[in-house]
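One structure is given here, and the rest of the page talks about it.
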Amino acid sequence: MVATTEMNAAAPRELDDFQLRQQRQQKFNAVIRYTVLTLVGLIMLYPLVWLVGASFKTNSEIFASPGFWPSKPTLDGYIKGWETSTPYTFGRFFWNTFLIILPKTIGTAISCTAVAYGFARFDFPGKKILFATLIATLLLPNVVTRIPQYLLFRDIGWLDSFLPLWVPSALAGDAFFVFMLVQFLRAIPRDMEEAARVDGANTFQTLIFIVVPLLKPAIISVCLFQFMWTMNDFLGPLIYISSVDKYPISLALKLSIDTTEAFEWNRILAMSVLAITPALVVFFLAQKYFIEGISAGGVKG
Amino acid sequence: MNNNRFLGLAYLSPFIIGLLVFTAIPFVASFYLSFTKYSLMSPSKWVGLENYIDLFTNDRTFRKSLSVTLIYVFITVPLKLAFALFIAVILNYRLKMINFFRTAYYVPSILGGSIAIAVLWRYIFAHEGLVNMVLSAVGMEPVNWFGDPTNALFTITLLRCWQFGSAMVIFLAALQSVDKSLYEAARIDGAGPWHIFRYITLPLITPVIFFNLIMQTVQAFQEFNGPYIITQGGPLKSTYLLPLYIYEKAFKSFDMGYASAIAWVLFVIIMILTLIAFWSSKKWVYYAGDKRS
């Protein structure tokens, strides 16, 4: 757009017929593109906007008009929804989610960084096979290993605790993140690491003082994705967590659909708004890391 | 490159331990379990092929669930990929507010399989829900989204297509890495936009199409949260995807052996489709390997 304006200013009279036609064509194309983008954007965002609006509506109004704005805004849904039908408030479930996320994310970041460093910067027999296995686990459906994993955690007495959710991730269990970090590491030149080695740093010092700072954006991406995935995870807690006092938000929401009497929609919608708020806030604060992470993980390597 | 073999393996040790304990051994164990009757209460009993024979001869729920799963995957994956690519192509033009659109389109995906979104979907497509209100506002008949078995699965498909963001971002990254000089050369030769897309862009991004295809297929076969929350597998088991069946067999009726057999059927199907994709990729995936170093 900027370029065309400059061109117009520079040589307004020299535009011949062909250029005029091309310009008109371009303008027409732009209009079509914006129309499509806006329409799709509306479809993408309006359900979420509606959700927020509906959470402030009275129950009778939720299914009465498709508009966003509540005619008689009420906090009823939030107040009653927060109380829940359990002895705990929704705050408890947020706290539990946090207790799951924090160790899981830290464990993921540390283990995946170390493993990616091993893959990207060392040579040893069997490396190719191990890397191929890493890729294979990306494709391996979780559904196959889930039942024996459950039996394993049952046998060591970890059921109804957060350990089954933490431990596999702390052992670089999310192959996607290792893969992503290896991709990033491959793109980072090794000069500084070599200089550090010449100066007498061992590989661990090189990892901590040179590689980790260089890899920081990628590690942040990993943490953010793990945060989102854990926030959204439902099946894991559903299988492993059985007492309500340990429920994360996802299970609490499911519980509220099951136990809330009919016609109390605004409570469920209000708690849904609260449930997605942390993820949305984190996403908007750090969107570039998400987009970069996805692109790096996706481009072939 | 560091040649100390011990050190490299030391850095990999978390991965190796995790791989053995949480992937490799469970993988083998699950295969073994699929040949047993095991209900947690009594020790597991070897029954040979009985679970598999039961699945394919006696179990009507399984056959229904299998066909629903295949229909779901074959509709959702192409639709989602086509949509993601279409939007990525539009977003690849230099447009104002491009970052706004990119972010907006990615928001539903970031919330991914969250239960809140499944809940939202349930209310939006409810009989008096948002979608039907909009339909009647433009003079169309309301649709029975969840009550009708033919629509229910499609509603789950719509939810997953709505979350096309990560596939789109990957497409977009690929589109942006296409060498611009190729476009100019084609334009000088008189190629129109469709020709340019069909004969230059599309071949160059086939590796990424392939990647997205595999990832989305593996993911779609494991769809659980949507149907579990939105339709509970109904009506008439029309959204009773295999992961729901496995979950209920394993963790509701604790029929671990039988559930493992279903999981293995699902796994074998995914594996066969993945192998077909890999095999066929030799014919249609174009790697610009020797173009740049």
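Each Cβ is built from the backbone N, Cα and C atoms, and glycine gets one as well.
For the transmembrane segment (B:12-35), the residues of the chain that approach it from at least six positions outside its boundaries are 44, 46-49, 51-52, 256-257, 260-261, 263-264, judged by C-beta separation under 8 angstroms. Annotation comment: TrEMBL describes B:12-35 (among others) as transmembrane segment.
Here TrEMBL flags B:66-277 as domain 'ABC transmembrane type-1'.
Positions annotated as transmembrane segment by TrEMBL: B:70-93 (among others).
The transmembrane segment annotation in TrEMBL covers B:105-125 (among others).
Annotation comment: TrEMBL describes B:152-175 (among others) as transmembrane segment.
Residues annotated as transmembrane segment in TrEMBL: B:196-215 (among others). When Cβ-Cβ distances below 8 Å are used as the criterion, the transmembrane segment (B:196-215) is approached by residues 77, 81, 84-85, 89, 167, 170-171, 173-175, 178, 182-183, 186-187, 274, 277, 281, 284-288 of the same chain, each at least six residues removed from its ends.
Sequence annotations record features per position, and here TrEMBL assigns transmembrane segment to B:258-279 (among others).
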Leading contact stretch, B:70-93, B:105-125, B:258-279 vs the transmembrane segment (B:152-175) - CB distance under 8 Å: B:70-93
